[in-house]
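Trainee: Annotation comment: TrEMBL describes 12-33, 39-58, 110-139, 175-198, 210-237 as transmembrane segment. Marked as domain 'TLC' by TrEMBL: 35-241.
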Amino acid sequence: MESITNYKDLPLFFSIFIFVYLLGYLFIFRRWTPESRPLASSCLISLLHGISAVYLATRALISDPNRGFSSGNTQSQNSVLDFSSGYFLADLLHLAVFPSPAGGDSLFAAHHAAVLFVFLTCRYMVAHGACALLALLVVAEATSACQNSWTLAAARGPDAPIAVGIRRFVTLPFYASYSVCRCVVAPLFIVRMTWFYVTGGADDVIPRWVWVSWTVVIVVAVTVSILWIWNLWVLFFRENRYSKIAKKIK
């Protein structure tokens, strides 16, 4: 296994995400409403993390000839774990400083804290299992561009025609790709990963309580994602039906 990356990587990545967040808040979105600027800045760092994480994690996985559910973490894999941990820490700070008027921050905060527990125990405690986590990270962030574009357009508001057009354009591709990743690919991968751990495939390098806690966090996160996208599909078809009825009445 390659040498462990510098412990300064995590603070460095955290600082980068904070810098990008402030760049968005103070400059890029300075003319947005006070309510939407924090959300837009959060989307900006989420977009940076998502696109970068897919590329970096894929590269780290492909470059490891010994990759597996219990393989030792390589230097590049540890670096990706630090990169993602830096993002989740930065977004947790955002949630603490700018609580959403609409509520729901506690769910996001719990998700971020749980993911941080998984990544940090993998990175700094057991030093094994990064391949499984990074593969799931790729699946989770594959829709980042569509999702953040969709969220940014919604945050901009209905008074911006361009934002309305972007949201309308990306909604269906986002819903479809998110459904495939979170409702099909992720569950199949989780079943395969869990079976490997349950049958003792990693007992010699990853303590049982660690992989059990990882599995619980991952299953809960994916379940919440499935419920969320299901609700969005219901609203999507309901709005389409009402729109057709309104057109017929006119």
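In case you wondered, yes, glycine gets a Cβ from its N, Cα and C as well.
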Trainee: State the non-local partners of the transmembrane segment (39-58) in its own chain: residues 6+ outside its ends, Cβ under 8 Å from one of its Cβ atoms.
Mentor: 17, 20-25, 28-29, 32, 76, 79-80, 83-84, 87, 90-91, 94, 100, 134-135, 137-138, 141-142, 144-145, 147-148, 151-152, 155-156
Trainee: By a Cβ-Cβ criterion of under 8 Å, what residues six or more beyond either terminus of the transmembrane segment (110-139) are in contact with it?
Mentor: 1, 4, 53-54, 57-58, 60-61, 64, 67-74, 77-78, 80-82, 84-85, 88-89, 91-92, 95, 181-182, 185-186, 189-190, 193, 202, 205-207, 210-211, 213-214, 217-218, 220-221, 224
